[in-house]
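Data first, discussion second: the structure below is written as structure tokens.
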């Protein structure tokens, strides 16, 4: 991942103040105090996150790098090798991020997380199979299946009854024609059912691979209740100690 012309998210301004893009952003904000804008993008250019923070406003404490909220409702963790404000993250936010991005590592420091992936149930796929075209195709195929199945069964039964009647009347040509029609009807029905079923099974398999429930396994060293301080907490304590006047 990259952060435009800056390698850090808000809060780590030491390496960003000298860049031209940073100065342009600060001067362009004429309303209120100067602000710092950070845009986190992936390697393919997709915008993943944008944060705007005032430069002259001191931070109240560490905040989650995904939702940019503090530790009021949920404790902040430091599960990867990122330090500073990049190292703090909520467990729920990170699980949602890993689930939506279909990854199991930090996209900044490439640290592999210990995760447990569980496939989502079939009912969720039936409610939301993906794009609108796939949803429309699924609904149409289900309606056609419910309509064609009894129609094919009734048509086949009528053809067989007619073939029996023609055999009793010694009309073998008509009986053979009705039997051939029944076989053709059921062949087309079975082929259409198999093709449609295979197509939707492939869609469900792809959806299942990219839509999984990710559960982050927290190690003792990453937990805020562990015996040792995390790198984030150690850095904050060191910073506070340096800024405290003697």
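Just so it is clear, glycine is given a Cβ too, placed from its N, Cα and C backbone atoms.
Feature annotation (Swiss-Prot): of 138-158, 201-221, 222-242, the stretch labelled transmembrane segment is 138-158. For the binding-site residues 67, 93, the greatest number of Cβ atoms within 10 Å around a candidate Cβ is found at 93. Around residue 109 (Zn(2+) 2 binding site), the same-chain residues at least 6 positions away in sequence with a Cβ under 8 Å from its Cβ are 80, 81, 82. Shown for the zinc finger (56-116): DSSP residue counts in helix, strand and coil, namely 15 helix, 8 strand, 38 coil. When the alpha carbons of residue 106 (Zn(2+) 2 binding site) and residue 64 (Zn(2+) 1 binding site) are compared, the span between them is 14 angstrom.
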